[in-house]
Amino acid sequence: MARFSPQQSRPVHATPFLNHSTTPSDANYDTANPAYIRKYLRTYGLTPPRSESYETQKTRCLAQLALKQTEIDKFQYLSTLRKNNVHLFYRLVTDHLRELTPLIYTPVVGEACQRWSEIYQQPEGMYLSWEDRGNLSAVIANWPQPNVEITCITDGSRILGLGDLGINGMGIPIGKLALYTACAGIRPEATLPLTLDLGTSNKTLREDPLYMGSRRDKISAEEEREFLDELMSALTERWPGIVIQFEDFKNPFPALERYRDSYTCFNDDIQGTGAVILGGVINAVKRSGLPCKDHRAVFLGAGSAGVGVAKQIVEFFMREGMTEEEARNCFYLVDTKGLVTADRGDKLADHKVYFARQDNKGQQFKTLEQVIDHVQPTILMGLSTLGGVFTPEILRKMADWNTAPIIFPLSNPSSKSECDFESAVKHTDGRCLFASGSPFPTMSFTTSAGETRTYYPGQGNNMYVFPGIGLGSILSKAVRVTDSMIYASGEALSAALTAEELERGLLYPDITRIREVSVVVTRKVMRAAMADGVDRETALRKMSDSDLDNYIKARMYDPHTEVRSLEREVGHLLSSLGSLSPLLNGTPTEEKSNGAKL
Ligand SMILES: NC(=O)C1=CN([C@@H]2O[C@H](COP(=O)(O)OP(=O)(O)OC[C@H]3O[C@@H](n4cnc5c(N)ncnc54)[C@H](O)[C@@H]3O)[C@@H](O)[C@H]2O)C=CC1
Ligand SMILES: CC(=O)C(=O)O
Ligand SMILES: [Mg+2]
């Protein structure tokens with residue numbers, strides 16, 4: 001297995017792109033470009049004459065988006081915009097995070113993946129097949145961007161809660177990486193969406209004439225290991241120090257264990273989800289008024305996300321003074337066979353063993369209802385892919401047992417959420433502390449005591465932390481992603497609420513603040529990397545927090561300043577060549593006809 005040395009360095013930041021051939025988008029045809037840029041780029045005359053302001057571009061884009069009839073139409077429109085004008089796409093997304101994130105990420109990306117074979121239009125990432133083994137380096141060499149800093153890899157075998165979608169899962173790495181850029185300012189051309197075509201257990205897909213992946217059944221675990229070994233080595237060979245995020249693998253535990261000490265990698269479903277829910281739970285536990293030791297958590301779902309989340313909360317409870325044994329005893333995990341117990345009679349998957357109950361006195365609890373009646377939990381988590389399974393009856397029981405029940409239906413997309421926000425608020429008489437994986441609208445509700453107010457749902461989605469984990473790892477040039485870095489991201493998130501957000505009863509910061517929250521998450525991740533000694537950019541250790549924040553901000557791609565920086569760069573270049581005047585001749589101001597002489 002490849003191990004890169006601390007001496008190896010890599011470009012942290014790519015220079016802004018001037019040349020179309022180095023960008024994934026045709027930003028050179030931006031209708032905002034003034035005449036001298038168009039002339040410099042030789043695109044003069046190839047776009048309508050008027051040099052537009054961003055406001056005008058935005059007005060047109062939003063109007064075009066509104067004309068699209070379905071969410072998939074909107075998804076496709078935005079994908080095409082990203083391809084055609086990457087800066088404009090990210091300007092729009094960062095300005096309209098609340099409205100646009102659901103269209104490029106969950107829930108709409110779920111439907112897009114289900115219909116990928118049908119809606120596919122353009123290459124936006126890399127596909128590597130089992131048949132390519134032995135040649136992965138050569139295939140990876142085809143990726144046109146020279147300075148990749150982060151990749152998100154899926155094999156499509158568990159896309160959100162929608163099952164095995166094979167290579168149709170490509171929407172997920174694309175969507176996640178778009179959020180790395182929008183939320184943490186990792187440059188778009190430094191991201192690599194990667195989908196592994198390792199066969200699919202989805203027979204319907206294999207028989208679909210439009211399916212664009214291999215028609216083989218899913219390869220074995222041993223074959224997957226062999227493939228991933230070669231892949232990890234090939235990726236770091238081309239981009240030493242690349243941050244590798246694993247996403248939506250059916251059983252991601254073995255790969256994480258195998259690579260976590262040798263590569264800068266993390267698993268978003270186990271670790272990112274663990275951290276983001278840690279952040280929400282820290283705040284919810286505070287608001288519940290109960291000390292950690294009095295909480296009992298039932299988790300429906302004992303998979304990668306369930307176990308990842310439970311482990312982070314165990315760590316939190318321990319930091320609050322409980323022993324590991326006491327902390328672990330607060331958790332009751334439920335899978336398809338019921339409560340996970342040590343004596344259930346089936347062979348437990350390795351990742352479940354830690355949480356297997358030993359105190360059930362031979363009694364087995366087969367259904368969620370039986371488990372919650374037995375436990376009377378204070379916390380109910382859903383990471384099961386089972387939409388609607390938190391029934392009104394279960395929610396009412398949670399409200400009977402608790403003043404402020406913590407109810408987190410976290411499965412994605414919205415159709416798989418264990419309950420919706422309205423149902424949770426209604427059946428707990430407005431007392432629940434709520435977060436879901438996919439967004440729900442705010443609502444007004446009148447309690448049985450006649451009090452009417454607005455309720456705000458939390459979005460407990462790893463999108464609040466993975467951008468900062470990625471950027472923190474990149475900027476500190478971390479040789480690996482440690483447990484403390486993951487924990488730090490969730491803890492930083494929990495502390496990021498403003499007084500106004502606390503007043504509104506939020507568990508997570510308002511989504512529109514995600515870029516500023518990502519700065520703090522990034523800083524805390526970097527500090528944890530420094531404390532663990534896995535950072536290679538050691539000069540940063542001496543910086544104060546505010547200097548480090550400024551350092552981070554200065555390195556974040558900002559689509560709003562990007563176009564201006566292109567103008568500045570071309571301006572400098574041309575003046576240094578003494579050739580600015582002919583190009584500037586007749587240069588119009590924005591929003592005027594170009595009309596310049598060539
Ligand atoms: N909010 C967020 O940020 C995240 C949400 N998720 C969501 O969590 C869900 C699960 O993801 P993973 O844990 O990675 O999947 P997984 O496949 O590893 O685990 C699913 C778990 O649900 C259990 N389950 C399935 N059907 C069940 C049934 N009928 N009764 C009881 N238990 C059942 C399985 O036994 C398994 O333990 C997905 O919907 C995913 O979208 C995952 C990661 C992040
Ligand atoms: C959000 C996410 O990573 C998932 O649902 O799998
Ligand atoms: Mg995921």
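Note that Cβ sites are derived from N, Cα and C of the backbone, with glycine treated the same way.
Just so you know, TrEMBL annotations are computer predictions that nobody has curated.
Of all the Cβ atoms in the protein chains shown, 26 others lie within 10 Å of the Cβ of Y105 (active site, proton donor). Y105 (active site, proton donor) falls within neither a helix nor a strand when secondary structure is assigned with DSSP, and so counts as coil. Summarising the annotation, TrEMBL assigns active site, proton donor to Y105.
According to TrEMBL, the feature active site, proton acceptor maps to K176. A helical conformation is recorded for K176 (active site, proton acceptor) in the three-state DSSP classification. In the shown protein chains, 27 other C-beta atoms lie within 10 A of the C-beta of K176 (active site, proton acceptor).
The feature (S)-malate binding site is assigned by TrEMBL to R158, N412, N461. The local packing around N412 ((S)-malate binding site), expressed as other Cβ atoms within 10 Å of its Cβ over all shown chains, amounts to 24.
Annotated divalent metal cation binding site per TrEMBL: E247, D248, D269, in sequence order. Every protein chain considered, the tally of other Cβ atoms within 10 Å of the Cβ of D269 (divalent metal cation binding site) stands at 25.
The domain 'Malic enzyme N-terminal' annotation in TrEMBL covers 82-260.
Here TrEMBL flags 270-530 as domain 'Malic enzyme NAD-binding'. Within the model, the domain 'Malic enzyme NAD-binding' (270-530) carries an average pLDDT of 98.
Per TrEMBL, the feature region 'Disordered' maps to 1-30.
E247 (divalent metal cation binding site) has R158 as its nearest neighbour among the recorded positions Y105, R158, N412, N461, going by CA to CA distance. Checked against Y105 (active site, proton donor) by C-alpha proximity, the binding-site residues D248, D269, N461 yield N461 as the nearest. Each residue contributes its Cα atom, and for N461 ((S)-malate binding site) and K176 (active site, proton acceptor) these two points are 11 Å apart. The Cβ neighbour count for R158 ((S)-malate binding site), using a 10 Å radius over every protein chain in view, is 23. Ranked by Cα separation from R158 ((S)-malate binding site), the recorded positions K176, D248, D269 are led by D248.
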